[in-house]
Amino acid sequence: MRKIRANAIAILTVAWILGTFYYLWQDNRAHAASSSGRGAQRAGGRPEQLREDRTIPLIVTGTPSKGFDEKAYLSAKQLKPGEDPYRQHAFNQLESDKLSSDRPIRDTRHYSCPSLSYSSDLPATSVIITFHNEARSTLLRTVKSVLNRTPASLIQEIILVDDFSSDPEDCLLLTRIPKVKCLRNDKREGLIRSRVRGADVAGATVLTFLDSHCEVNVEWLQPMLQRVMEDHTRVVSPIIDVISLDNFAYLAASADLRGGFDWSLHFKWEQIPLEQKMTRTDPTKPIRTPVIAGGIFVIDKSWFNHLGKYDAQMDIWGGENFELSFRVWMCGGSLEIVPCSRVGHVFRKRHPYNFPEGNALTYIRNTKRTAEVWMDEYKQYYYEARPSAIGKAFGSVATRIEQRKKMDCKSFRWYLENVYPELTVPVKEVLPGVIKQGVNCLESQGQNTAGDLLLGMGICRGSAKSPPPAQAWLFSDHLIQQQGKCLAATSTLMSSPGSPVILQTCNPKEGKQKWRRKGSFIQHSVSGLCLETKPAQLVTSKCQTDAQAQQWQLLPHT
């Protein structure tokens, strides 16, 4: 009996020691994984408080297939030993091929996002993915991430538009996966026309456009569908996380960015303006954005069709995001980035495919069409920033201009003032000149007791090219200035004719200082009233073609 008891005690002791060792080993492994995750988060540069990373569960574990042989699909296009992994796709295909098509990724959303709830009757969407010679591993991972991380009821179909890839089976074999459909172009059409083709056959009321080298994150679709369901004129985009082109690490992007651009129509990510940051108390609220990157967004199909889809005369890729963004804002819609929606994207440093007319010429053609249709008089700044566009062919835009008129879209000036006031209008300075009426010239006439320059009319002296300082005016875009002071109306109301015109410290954003030439008139841009001479002062008055006091010569002409 003693022997049995001793053996039992020995067995229990060994079991306790082994159990303790296993517990400590597991605990240490969990802490190591957590530390590794936090390090990756900092590397991604996400400006949020530190928290434990969450690995996303798969909603569907292993996408059911109808005879789809994943191993055969991927192995058919694997790299040969010694082959450059960057050559064909401009990212490390070797690293992509190593990864599972169902790989887990980090939940990069703000910690408040999981607590949000969405409508139980969100509309289903057609996901449209266009590609040309995409790596099979990234294309498959894009498709499976959508199916694995989206409730099945929200995905009506995934439409793959194969833009004349070298191997038709890149697309066709994927149709063995449920909900996946394949359209193949019989010639190279480019992303823009391929997307239109996919949208035309889509059966859902909402369209979701994705690039072919993405991985969607947890609850990526629900917050975007919610915004579109609440207002069908919204076009919404996720925060676009970064998938490294070198090792395919999934890195969190900043939640404080929006889309912007310069006058050459070059897209850039920029910080949300400070005043918007100050009023932004809820990090889950959508961010207004002047433009979207264009690769990933959700739009109501009827709204997409109403707006005129894409400009089908644009070629291959580039510039279509500006054309769509201007059209949405100026024709009654809005653009948003939804912070609780995250999608990873492989950003490449070069295009892995050829443009029939070359990358630069294609981009010029597309952006020039955008400028000619949507930028009104501000298109001059596009040409100044991109002089290589001058004289380049861009096709007819008559139908696009007519469509804009039919939709009664707002002006580009409205867009700058209401959507993107942060885009500074370039100041185009010219040589000093005079503002002449008969034999008299507009001049500053000393200062008052407050130090303000006084305005009046005096006999012209000197010449237009070399006037005296008091009669020398600098004509810049919408500003008439002298010695750092600008001509300003005291009222911007059309109902206030007779308001005095004074000189103020120049402020390019001040509407009271905005003027334009209209024939021989100098017209106030905001009120529409005209500059007129009175015996003792200058005023703004209702424009009258027979009013000699409103007729001006600007020498030299700008």
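Cβ coordinates are placed from backbone N, Cα and C, and glycine is handled just like the others.
Per Swiss-Prot, these features apply:
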{"type": "BINDING", "residues": "Asp163, Arg188, Ser212, Trp317, Arg348, His351, Tyr353", "note": "substrate binding site"}
{"type": "BINDING", "residues": "Asp211, His213, His345", "note": "Mn(2+) binding site"}
{"type": "DISULFID", "residues": "Cys113-Cys340", "note": "disulfide bond"}
{"type": "DISULFID", "residues": "Cys331-Cys409", "note": "disulfide bond"}
{"type": "DISULFID", "residues": "Cys441-Cys460", "note": "disulfide bond"}
{"type": "DISULFID", "residues": "Cys486-Cys506", "note": "disulfide bond"}
{"type": "DISULFID", "residues": "Cys530-Cys543", "note": "disulfide bond"}
{"type": "DOMAIN", "residues": "428-555", "note": "domain 'Ricin B-type lectin'"}
{"type": "REGION", "residues": "286-348", "note": "region 'Catalytic subdomain B'"}
{"type": "TOPO_DOM", "residues": "27-558", "note": "topological domain 'Lumenal'"}
Sort out the sequence-distant neighbours of Cys543 (disulfide bond) for me: same chain, 6+ apart, CB within less than 8 Å of its CB, listed by position. Lys518, Phe521, Gln523, Gly528, Leu529, Cys530, Gln550
According to DSSP, collapsed to three classes, what secondary structure does Cys486 (disulfide bond) have? strand
Position of peak Cβ density within 10 Å, selected from the binding-site residues His213, His345, Arg348: His213
Using a 10 Å radius around its CB, how many other CB atoms surround Cys506 (disulfide bond)? 20
Which of the binding-site residues Asp211, His213, Trp317, Arg348 has its Cα nearest to the Cα of Cys486 (disulfide bond)? Trp317
For the binding-site residues Asp163, Asp211, which one has the sparsest Cβ surroundings, going by other Cβ atoms within 10 Å? Asp211
Tell me, if you would, which residue among Cys340, Cys530 (disulfide-bonded residues) has the fewest other CB atoms within 10 Å in the structure shown? Cys530
For Cys113 (disulfide bond), the nonlocal same-chain Cβ neighbours (under 8 Å, six or more residues apart) come out as Glu219, Pro223, Thr284, Pro339, Cys340
